[in-house]
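Below is one structure; the comments refer to it alone.
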């Protein structure tokens with residue numbers, strides 16, 4: 001009975017590790033959300049031409065957004081980009 005209990009605990013901890021470790025790698029350390037400011041600019045899959053702003057690791061820069069898809073690192077204004085991504 002002792003071995004079964006140990007194996008059960010090891011299995012539980014292994015599953016817990018496999019489930020939580022990838023989330024820890026992708027999470028923003030401040031609030032648990034994925035840090036969208038670290039994502040690359042992404043035009044998306046559509047062919048429109050909207051001016052948007054993305055954070056490039058140092059500052060906010062313009063890029064052309066296709067109108068659909070893409071990722072969260074797109075903002076309607078430079079001010080919105082800086083507010084979300086610039087570190088004080």
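Placement of Cβ uses the backbone N, Cα and C atoms for every residue, glycine included.
Copied over from Swiss-Prot:
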- 37-85: disulfide bond (DISULFID)
- 46-68: disulfide bond (DISULFID)
- 60-81: disulfide bond (DISULFID)
- 37-85: domain 'BPTI/Kunitz inhibitor' (DOMAIN)
- 1-27: signal peptide (SIGNAL)
- 39: site 'May bind Kv1.x/KCNA' (SITE)
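Positions of Swiss-Prot features highlighted on the structure.
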{"residue": "37", "record": "disulfide bond", "Cβ contacts under 8 Å, 6 or more apart": "55, 73, 84, 85"}
{"residue": "39", "record": "site 'May bind Kv1.x/KCNA'", "Cβ contacts under 8 Å, 6 or more apart": "71, 72, 73"}
{"residue": "46", "record": "disulfide bond", "Cβ contacts under 8 Å, 6 or more apart": "66, 67, 68, 69"}
{"residue": "60", "record": "disulfide bond", "Cβ contacts under 8 Å, 6 or more apart": "53, 54, 75, 78, 81, 82, 85, 86"}
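Reduced to three states, the DSSP call for residue 85 (disulfide bond) is helix.
Reduced to three states, the DSSP call for residue 37 (disulfide bond) is helix. In this structure, 68 is the one among the disulfide-bonded residues 68, 81, 85 with the smallest number of other Cβ atoms inside 10 Å of its Cβ.
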